[in-house]
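> Shown below is the structure under consideration.
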Amino acid sequence: MTDQKDPGQAPVVEMRGITIEFPGVKALDGVDLTIRPGEVHALMGENGAGKSTLIKILTGVYQPGAGAIRVAGEDVRFGSTADSQAAGISTVYQEVNLCPNLSVAENIMLGHEVRRGPFVDWSATRRAATKHLARLGLDLDPASILDSHSLAVQQLCAIARAMVVRPRVLILDEPTSSLDKAEVAELFRVVRGLRDEGVAILFVSHFLDQVYEISDRMTILRNGRLVGEHRTAELSRMDLVSAMVGRSGEILADVGERAARVAAAEHDRAEPVLSAQGLGRPGSAAPFDLDLFEGEIVGMAGLLGSGRTELARLLFGADKPSEGALAVRGDTRAPSPLVSLRRGVVYSSEDRKKEGIIGDLTVRENIALAIQAGRGALRKVPAKELDAVVAKYIEALQIHPANPDALVRNLSGGNQQKVLLARWLATGPKVLILDEPTRGIDVGAKAEIQRLVTELADQGLSVLFISSELEEVLRLSERVVVLRDRHVAGVIHNGPDVTVETVLETIAERAAS
Amino acid sequence: MNAPNNVVANLRRLTRHHLFWPVAALVALVLACGAYSPGFLDVTVADSHLFGQPVDILRQSVTPLLLGLGMCLVIATGGIDLSVGAVMAISLAVSLTFIDANGPGTATALTALVIGLITALVIGTFNGFLVTVLGIQPFIATMILMVAGRGVAMLVTKGQITTTASPAFKSIGSGFVLGVPTPVVIGAVVLAIVAVLVRRTALGMLVESIGINREASRLAGVRATGLIWTVYAICGLLAGLAGIVYGAPTMAADANNIGLMKELDAIMVVVLGGTKLDGGKFSLAGVVVGSLLLTTIERAVIIFHIPSQVTPLFKALVLIVVCLAASERLRRAVTGLLPVRRLQEAS
């Protein structure tokens, strides 16, 4: 499969015939990966295809059962992550892997502090951190606490940290999943700069657009096997998706029809299910009005930090609104998670790990949690009833593994998201607020969730759908609420002539005024 | 070919159970005591009451059991209660002072018991208030009463070691019900009540979900305040009961020494039973095994005639061995070296 005719430089990393087995699974079977200096190489595949495993072998976390690794022409054997780092391989992981309660400088320079004798020279360390940040075009106070910055900035700090050791190979594992468009562009500018300096970059992302924008070549895996290595320019998107999922890529297409269909249909708009009037909270979201009607999908678009999540949290009562009124089917009580839950409004957070799953509990318990909270601690959901509910949603959402007693933390991201959806749907909601439900999950699971959302709306649910992927928002929703700087900048009624550019214009228009 | 594999697989599953190593240590210790001191395992009936070393161990394990049950729930929420030892002293002091003032009648003894328990419940509620409403870290919030609690008990007893007589009250700690020591009956009944309370309702699951991920639980509609408050109240109440059961046989309210360091025993039995200190999943059965193990260790020290200077060392050694055996990381490191693993994976 490898393109031998390529005239480029000698590879910096060559992995040949990598095979690794875990009890019961052959995670990788004879996989090759070649990365050249000064190229951005994308590693593509669905969740479970073996991307993470391959990366973990390259970073020395796992030792392969068979196969060889050569770095800069020399055979190497990584017994530990330290060996891999010493060979010049540096990694930024998908989940920000830093210490949130330490300062930016401490995080970036951890283990590389500037020393004066046995002591750390903090001011020099901070200066060094500033220099590393500046290389990424970031102007941050190095003494500020990391947690006080957005996830996006934290991600860039993680990259700055990875660059401290001046690696030959930089592995970026889903680096853009929490970045908005401007930040992605910023990151790509940095990545291109590093590439031009001769650093080899291994890039893993679920965003096909980004892969096409940044990568020079790609290696595609499926079910632990190498499907092919291609120059990005020579492979169409449809072919890529087909290669990844191993079937035709049409799954994404048929979801798209609904938006057009529903937009054309007339709704009975007599009574909104949820109605917010001047709802707001200083520092969170400026007062806004919003009505949600039965069977409607309303998209919410805006840059990261534009107030999408904040607005959703106010509607649900995760944060208390300090002004305005909220009525849900005539109920005007102040929202709180429990009040909302009981009157049929549920919110699925964008932060699956911190605000969604209870990792050490089982799938069954995670699904039961919201129903149980609604009933109170003393009225336990009868076991039979719960078993039926759990079985129903495992089946309906195709949760894998289909084992109610599996611990949720052992499930893949897409399946965790499905468990959360099951938790909320099991309460029989009228309004479903989904904050980035498809972030960081693979193409197949993404399409399944999109299809589910449209089915739910067809059954009469109102859905507020928040996503950074404008295509996805436009495909699903009837109306799109556009946010900018924590204001509602406009509401776009979806139709055949509405495109991603229309939405971007709405965002930009207000920016200019 | 398959049979030995199955045996190996079952054995491995058994050793992975969180109670396997504590139970194994318990059995080994009891057998060792039996071998060293013939008659150790004998239970005799005298006066239609049960006597013998095993009965004594059961009786003494009730104090750490009562403390451990409450502590277990508190730890599951991600908290800790350092005040339980002091609460033991306070509730006993209140009860005995009441008896001292009102005479030795049975009705007085019952009232004293109830007053002592209510005092403990109030203290537990106070701890819960500090932790939930004021948001003080549990370690600090409960340390307040750990330190000040003995002072409160001293105030109650006016600085004296109040000694008094009340056969009815004393029997709470030293009597028998149908031949079984009263404390053992109390322990069994409380265990059953707590087990029903946390597992037949959703209290246990909600407490675990709070301990594992508080924010996610909040967003799922779980109101942590009330639950955590309840758990501290229960812990206080059980600590008060433990103080009365432990102190009743002496009928002396020694504010300085009753329950001294018992909070550490309570934490130890919870951890021995496989509940992690950082909250989440908890095991009530683990608390039972942990308290039996702790009590047996203390008894074994006497049986083996271990010099009193090295008693803590012996205790520590047993605990270290149990914790090491139960450590998954160590087990993985060790089993990785054994041929058993290959066999297992081939099957």
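Positions of Cβ are set from backbone N, Cα and C atoms, glycine also.
These figures come from a predicted structure and were not determined experimentally.
Taken from TrEMBL, the feature transmembrane segment applies to B:19-37, B:57-75, B:82-101, B:107-131, B:138-156, B:176-198, B:219-246, B:310-327.
Help me picture where these features are in the structure shown.
Residues 67, 70-71, 108-109, 111-113, 115-117, 119-120, 123-124, 127, 139, 142-150, 152-153, 156-157, 162-164, 166, 169, 235-236, 239-244, 246-248, 251-256, 258-263, 266 of the same chain lie 6+ residues outside the transmembrane segment (B:82-101) yet bring a C-beta within less than 8 angstroms of a C-beta in it.
A Cβ distance under 8 Å defines the sequence-distant neighbours of the transmembrane segment (B:138-156), meaning residues of its chain 6+ beyond its ends; these are 74, 78-83, 85-87, 89-90, 92-94, 97, 123, 126-127, 130-131, 253, 255-256, 258, 263.
Proximity of distant same-chain residues to the transmembrane segment (B:219-246), defined by a Cβ-Cβ separation under 8 Å and at least 6 residues beyond the stretch ends, is recorded for 62-63, 66-67, 69-71, 73-74, 76-77, 79, 81, 83-85, 87-92, 95, 113, 116-117, 119-129, 131-133, 172-173, 183, 186, 190, 194, 203, 206-207, 209-210, 258-259, 262.
With a threshold of 8 Å between CB atoms, the same-chain residues lying at least 6 positions outside the transmembrane segment (B:310-327) that come near it are 18, 20-22, 24-25, 29, 268, 271-272, 274, 293, 297-298, 300-301, 304.
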> Quickly jot the same-chain residues contacting the transmembrane segment (B:176-198) by Cβ under 8 Å, restricted to those at least six beyond its ends, or write none.
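Contacts with the transmembrane segment (B:176-198): 45, 48-50, 55, 58-59, 61-63, 65-66, 69, 73, 204, 207, 234, 238, 241, 245, 284, 288.
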> Let me spell it out: take the transmembrane segment (B:19-37), skip the flanking residues so only those 6+ beyond its ends count, and list any with a Cβ under 8 Å from a Cβ in it.
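Hits for the transmembrane segment (B:19-37): 53-54, 272-274, 283, 285-286, 289-290, 292-293, 296-297, 299-300, 303-304, 318, 321-322, 325-326.
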